[in-house]
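A.B. asks: My structure is below; once you've seen it, I'll send some questions.
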Amino acid sequence: MGIIFYTTQMPNFEQNQVIAVGLSGGVDSSVAALVLKEKGYEVIGLFMQNWETDSKDPFCTAEQDLSDAKAIADHIGIPLYVVNFSKAYWNHVFQHCLDEFAQGRTPNPDVWCNREIKFKSLLDHAKKLGATHLATGHYACIQNENNEYRLLKSNDSHKDQSYFLHLLNQYQLANSVFPIGGYQKSEVRAIAKKRGFINHAKKDSTGICFIGERKFKDFLNEFLLAQPGNIETSEGKIIGKHDGIMFYTVGQRKGLHIGGRPDAGEAPWYVVDKDVKRNVLIVVQGYEHPLLYSQELTCTNLHWIRDTEPSFPLTCKAKTRCRQADQTCVVTRLDNDHCHVQFEHPQRAITRGQSVVFYLGNECLGGGIIN
């Protein structure tokens, strides 16, 4: 099976150009490297080490990932360099996440890692090695319109990762390429299997990258001091104790340990809010409880991908989590760094600290942090 090249999603590079690929050991970046290699480009692989781990840590996959990346690089016939960004990751991603958790918010480290590490530190390193562009295995597309770069959704709507890339700027997009943005995930796996890649069936990484498969609560306890407190209903009735509000997020059901109360119905309880000042976790009963829904939000730390921001009020689509269907909304500018977002329909479990990302059709416009 030959590779179908989606040339509309690939810049017209000179074939003697050097393109660096962030090779993670996963199937997506492996096929991205293969696509570039078979199009005739000079390809080099870069494997990032963003977290200092004990090699005996049963939850860390970095050792296996590096082994897989080396095997793929050898298979394709490209050099592989290992680069350590653990200090930069700690300072620009992990510490930010700790600060957010400590303030009762729920951060998204993948968003910050893309802006600060993959498309900054790794891109800079690729340039030092003589590469003109950095390629990754992200499911997204870049389009150049008269030297203004647009971030577009992937052809695979189920795997689209534009949500996680909304903080990228014009320089980062101009110097990046997403070789598999035009593919379906099933096509990527089929190519990898046909070419004999050892990772063709490797499962996708999920969850927070630096936690891996370990329990979230156990990991966070290593870095932040938990303060147990009360769990209250929305009416103010104390019905239990929590282990620390940093361990919970809006919409969460599991881990509350307050079910089966004789003074309540059988419907499950859900986190609806976190009162950081009082160290109180507020819950409601029932998945469809009206307090779990909101038709508006405000956001800060606004970033627009194009150099010229859109006109306001802006009618567009938005997501408040990555796998959510696009939601119609109107965005109104409040000041230089704040916007108000009014949705057409109520949205469930809008969460402080997460990103709200805006779209016009297939284009990702940018976004902000929900507060």
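Glycine too: its Cβ is placed from the backbone N, Cα and C atoms.
Worth saying up front: this structure is predicted, and the values here are computed from it rather than measured.
Pasting the feature list from Swiss-Prot:
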BINDING   Gly22, Leu23, Ser24, Gly25, Gly26, Val27, Asp28, Ser29, Met48, Gly137  ATP binding site
DISULFID  Cys113-Cys209  disulfide bond
ACT_SITE  Cys113  active site, nucleophile
SITE      His138  site 'Interaction with tRNA'
ACT_SITE  Cys209  active site, cysteine persulfide intermediate
SITE      Gln354  site 'Interaction with tRNA'
A.B. asks: Under a three-state reduction of DSSP output, how is Cys113 (disulfide bond) classified: helix, strand, or coil?
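C.D. replies: DSSP call for Cys113 (disulfide bond): helix.
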A.B. asks: Which residues of the same chain, at least 6 positions away in sequence, have a Cβ lying under 8 Å from the Cβ of Gly22 (ATP binding site)?
C.D. replies: Ser29, Leu46, Phe47, Met48, Lys118, Leu122, Leu134, Ala135, Thr136, Gly137
A.B. asks: Compare the C-alpha of Gly26 (ATP binding site) with the C-alpha of each of the recorded positions Cys113, His138, Gln354, and give the closest one.
C.D. replies: His138
A.B. asks: Checking the contact step here: among the recorded positions Cys113, His138, Gln354, which have a Cα within 10 Å of the Cα of Ser24 (ATP binding site)?
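C.D. replies: Candidates kept after distance check: none.
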A.B. asks: Determine, to the nearest whole angstrom, how far the Cα atom of His138 (site 'Interaction with tRNA') is from the Cα atom of Asp28 (ATP binding site).
C.D. replies: 7
A.B. asks: Just jot down the residues in the same chain as Asp28 (ATP binding site), at least 6 apart in sequence, with C-beta under 8 A of its C-beta; none if empty.
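C.D. replies: Asp28 (ATP binding site) has long-range Cβ partners Gly137, His138, Tyr139, Ile180, Val188.
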A.B. asks: How many Å separate the two farthest-apart Cα atoms among the ATP-binding residues Gly22, Leu23, Ser24, Gly25, Gly26, Val27, Asp28, Ser29, Met48, Gly137?
C.D. replies: 16
A.B. asks: With H, G and I counted as helix, E and B as strand and the rest as coil, say where DSSP puts Asp28 (ATP binding site).
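C.D. replies: DSSP call for Asp28 (ATP binding site): helix.
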A.B. asks: Provide the three-state secondary structure of His138 (site 'Interaction with tRNA') computed with DSSP.
C.D. replies: coil
A.B. asks: Would you count the other C-beta atoms found within 10 angstroms of the C-beta of Cys113 (disulfide bond) for me?
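C.D. replies: Around Cys113 (disulfide bond), other Cβ atoms within 10 Å: 24.
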A.B. asks: What's the CA-CA gap between Cys113 (disulfide bond) and Gln354 (site 'Interaction with tRNA') in angstrom, rounded?
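C.D. replies: A Cα-Cα distance of 14 Å.
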A.B. asks: Tell me the coarse DSSP state (helix, strand, coil) of Gln354 (site 'Interaction with tRNA').
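C.D. replies: DSSP call for Gln354 (site 'Interaction with tRNA'): coil, neither helix nor strand.
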A.B. asks: Applying a 10 Å Cβ distance cut-off over all chains shown, what neighbour count does Gln354 (site 'Interaction with tRNA') have?
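C.D. replies: That number is 25.
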